[in-house]
Amino acid sequence: MSYYSRSPPPLQHPVPTHPAFIPEPPSTPASPQGYQRFASSPPPTQQYAARTQYNPPPFQPIPNPQHQHIPDFAAWGMNDSTAQFGMHLGQTAVAAGQDYVQKNFAGMIPVTMLKHHFNVSNSYVMHKLQLVVFPWRHKPWTRKVRRTEAGHTEWQPPRDDINSPDLYIPLMALVTYILVAALQTGLQERFHPQILGTSATRALLVVLLDFLFVQCGCYLLNVQGTGQVVDLIAYGGYKFVGVILTLFAGLLNLGTTIYTLVFLYAFAANALFVLRSLRSVVLPDSPANVGTVNPASRKRRITFLFLEAVLQVVYMGILVRV
């Protein structure tokens, strides 16, 4: 009986023993941002904290500086490679065209001087129109020069010198002349689209004839430094201002007498303007040219200037006949 009444010995669980030093794991590549590396399973509190602290950043592609200014052609249904090839082909064609124009037309058309002759301001345009219409009291007529950084002298632009020729007023006057001529024919019930082309052709031929006459006269008189081609064309284009005034007098139906008086005044004003402006070309005031022109040559040059001024009545008479 005593054997069965004896209680069994108590169970004893083995106590786990851990080493005093746990070696670190070998180095591995950097983990993504927000993750933590554990040698063993972390406690539940640390697992919960890791889940709550990790917020993956939104995906942001790294911009490529070579493709920052290229539009999204895929939105238009175009392949990116095809669009880039088209843009490259267009840039190559434009560069080839500019090179062709520079090589073939740079000698005929002084493109570099066009910017100088269009360098105008509102104040210059107003004072220049006043000078063309009322040239009687204007002084002086000599052009101003300036010295560049390289030490060379050049003419000042029209913005800074009212006596400098420009191409803005002649070009605008040419376009206005064509429109006013079309308006006059329309009021007379004889307008036709060919009137625009006819008026433009007539105007360009008159400017060309005037330019050739001045250029040939300077060549025959042995005028040194006859000026630039653009300057002579600009001087010949100011006559359209007087022609427009004459056409407006005809549109107002003020009578034949008023129309004739306006035409004669416009001719006289333009003749004086051309005479005084071309004097700096035919009879320059520079000290280098004073002693080289003998009295006989000087007289011939003055006669040529008066002939050019008188011919303005012929040119303007052709232009007002629309």
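Quick reminder: no glycine exception, Cβ is built from N, Cα and C everywhere.
According to TrEMBL, the protein carries these features:
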type	residues	note
REGION	1-71	region 'Disordered'
COMPBIAS	7-29	compositional bias 'Pro residues'
COMPBIAS	55-64	compositional bias 'Pro residues'
TRANSMEM	167-187	transmembrane segment
TRANSMEM	199-220	transmembrane segment
TRANSMEM	232-252	transmembrane segment
TRANSMEM	258-275	transmembrane segment
TRANSMEM	302-320	transmembrane segment
Between the transmembrane segment (167-187) and the transmembrane segment (258-275), are there three or more C-beta pairs closer than 8 Å, counting only pairs 6 or more apart along the chain?
no
Report, as numbers and ranges, which residues of the same chain sit near the transmembrane segment (199-220): CB under 8 Å and 6 or more residues beyond its ends.
174, 177-178, 181-182, 226, 229, 232-233, 235-237, 239-240, 278, 281-282, 304, 307-308, 311, 315, 318-319, 322
Positions whose Cβ lies under 8 angstroms from the transmembrane segment (232-252), at least six residues beyond its ends:
117, 129, 132-133, 165-167, 169-171, 173-174, 176-177, 180-181, 183-184, 187, 203, 206-207, 210-211, 214-215, 226, 258-259, 262-263, 266-267, 269-270, 273-274, 277-278, 281, 312, 315-316, 319-320, 322
